[in-house]
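According to TrEMBL, the protein carries these features:
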DOMAIN    55-184  domain 'NACHT'
REPEAT    584-621  repeat 'HEAT'
REPEAT    689-726  repeat 'HEAT'
REPEAT    724-762  repeat 'HEAT'
REPEAT    797-835  repeat 'HEAT'
Amino acid sequence: MLQEQDQKMKEREKQKDFNLEKQHGEIIGTYEEIYGHKTSIDVENIFQQCKDQIKKVLVLGRAGIGKSTFCQYVTYRWAKGELWSEYKLVILIRLRRLTDNRYPPRKEGKEYSLIDLVKKEYSPCEDLSAEQTQHFKELCKNRQVLWILDGYDEFAQNIPEQLKDVFDHVRETQHHILTSRPYAIKSSYDVKLEITGFTNDNIVKYVEQFFVQITKEINNDSSVTKKLLRLLKSNSSIWGVAHIPVNLELICSLWSNNDWTETTVLTITVLYDNIIEWQCKRHLARQNIEHKHMTKQAVYKRCDVELQFLERLAFKAMDYNKIMLTPAILIEAENDIGCCDVDLEQLLKMGILKSYDDKAIGTQNQTEKQHYFVHLSFQEHLAARHLLSILMSTDKVKAINFINNNKYNQRFHFVFVFASGLLSQSHYKSCIESFWSTVQGEPIDLVGVKHIQLTIACIDELINGTLDFPQRAQLIKSITHWLEYCALHNAKALKTHIIQSLQQTNVLLKTTIIQNTFPQLLQSNEPVEKRNIYDFIKQLSIAEPTEKFKNKILADIAEPDSYIRMNVCQVLGNFGESTATNDVIAALINATRDEDSDVRSAACEALGKLGEKAATNEAIAALINATRDEDFLVQMGASEAFRKLAEKAANNEVVAALLNVMRDEESYFRIGACEALGELGEKAATNEVVAALLNAMRDEESYVRMGACEALGELGEKAATNEVIAALLNATRDKDYHVRREACQALRKLGEKAATKEVINSVINYKQNTRDKDSHVRWNACEALGKLGEKALTNEVVAALLNAMRDEDSYVRMRACEAFRNLAEKAATNEVIATLINATRDEIYGVRWRACEALGNLGAKAAANEVIAALINATRNEDSDVRWKACEALGKLGEKAATYEVIAALMNATRDADSYGRREACQALRR
């Protein structure tokens, strides 16, 4: 039967055109899948792969991953003159705003045009002049406009008929970037990018910075950071979720407001349920209702009307396929709950629902506005709550029909996943059997893949909660049948989809019944069959194997088939730090001496994944020995594994081994050793390490020299010796610009300790630095001068920075402004002031606002009439950042700047369209 299903699956996929929906599992699966199989790219370079004259880029990303933030970021950087200067205009369009309400059908079926979009989105209260309109049309005709179309997934199913032509016109004839959640796109793009969210390091840094900020505001226990990170890393579910920035912010906020010290498992449903509870408590607090000692159910009961309204509204929006909620839908939801007492103004303050126009709450009757949930995931969670409420009611047939009609519709996938997770709560337990009977009943997906994928996702969300329900055993058994078939057969299409679903699970692969399936399968004596089984297992993330499973894998490391031995090493490595026992480490060490090079390479890689526990003397010796292997791939694997262990355990043995690698004849390993020592930071700042890095500064290979410079910069103040500084000074004159750049950065990182006369003279040597052919070196030199502190404030430094202010590269001019800002009042010479005044009129916004900022930091010494006049003029600049930085600067100039003209300019700025401008103007007036 399953063979027939696999064949049907293959035939179906052959008939499909390019459709990203079928890649859903691959694209929006776990963080590890996405990030592990992509190549990073700098935002400046995203158009380089475009083959056609019309540049089109598709940007994909999961909900909350940062697609809208990306759109704002690139638009902002373009406005600052920092990228894509070939475009005269960049237009950001939020596609969810293109609704029938805002763009009603016109008389005689007249279509909307590009200029109509611009007028509506950017100049709704003031008509564009004929000259402006003509100029815009010419820019579009000459293809000098870049359109950024954000949120196709919120627009695709409800494109107003009268906007279809203009939307297609933009996509077919204009340069554009289109963002979307993956499942919504069915159009082919040559260039597809994906926003992957935070990296592992980003998560750690964000959590640390979040709680540093919290501890400044309240007397918070700093250990909460470590506790939270420990929970995140120990739970694959929440660790995957945490790579989405908006989710990590919510997790940190919840953690700081709840005692979760005993929590060991945190599912998506539990996370969102806690967020809803938290928002309800804040809602009660605003009404002066005491809630500290309330249970969750008591809190929900006090907010029953609000929650019922939000749940019905979310469900209707999902059912109608609406992101933007019209007044009619709001009224319908009110009528459904039989209550007209819903206070929308108070409801908006809960932070879950938002009014469309973003104006202050109370400026217009809320029932006349369009609304939307702050994130689609909230809409999905609340819709799931309502679905279960219907299933528990006398109108349960409506819920059953909804599930039957939509259970294989990708758009409702997370509604059903949330619903399954909610079943573990006592309030919803009564409908467990109804829910699962409906999901498992007819109609059933003909091939069966979509059905088992839904089953896997839903059972995984529930399995750690309420397990005692009639269908449980049957559901788990059906999953094991699919596992058995995929492991035993070369059914590629089926395997791909099942693996994708299993990779997204959090608890399912940890269960004994699932894990026991694999040792049973591995009893096979058929070599081909066993190879297929291992090919399947090695693609699964099983972080906590049972002892039975681990021992069976370990026993197979002695298999005569080298392919199986290689796979055993890969599986042991995938198990990770939880299985870094003496017997596993010893087996892998022995495998580094295997007769087959693929086995040796896999063993090295596996040791690198086992973490600090694997950093034993024996393991280090084995990896060092493997770096001299006759096979280059083994050498590379051993070197990379050694670096990973070195980062985990900076003990004397590791450092000694790295120093030994520094003398290797292969440059690849010398580079890796430099990088590893740099990553160890101050812990590795011994005399021997510094001496080895100094020697590497003279290496014939430029990348080794570059790595040595970078490493010295990371070693901290202990490395700021005369000999190190002299070597870095010499490197600023290196023939390779990468080395020169890293030398400047290293001197900057060493800070004022490195601010000797020799350093300063070297950095300001504009023949080699501030006038270097490579602009990166020039602006790094400027940045270094600004970071060296007051000791660096010599006439030569000022002259070099003044020269950099005239650089053809805007980045260099920006960094020179920043350097003057850091050097503050002591740099306030007449020539510096005159140059900064001139920079307030620079063609690049980023230079203008930094010049204003620098003038403000020069203090009262800069309060000359010419400076004041330049800053007053800047308060009227077309760029908002320039305007508010000018206001800020005027406030810092002291009493001399308290003239009638300054006060008038600041009073005018209090009416600025930009909130930062208004704020800085008010603060300046108070000074």
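Cβ coordinates come from backbone N, Cα and C, glycine included.
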Model confidence over the repeat 'HEAT' (584-621), averaged pLDDT: 90
Counts of helix, strand and coil residues, the repeat 'HEAT' (584-621), according to DSSP: 29 helix, 0 strand, 9 coil
Three-state composition of the repeat 'HEAT' (689-726), taking helix and strand from DSSP: 29 helix, 0 strand, 9 coil
Per-state residue totals over the repeat 'HEAT' (797-835) - DSSP helix, strand, coil: 32 helix, 0 strand, 7 coil
Helix, strand and coil counts within the domain 'NACHT' (55-184) (DSSP): 62 helix, 23 strand, 45 coil
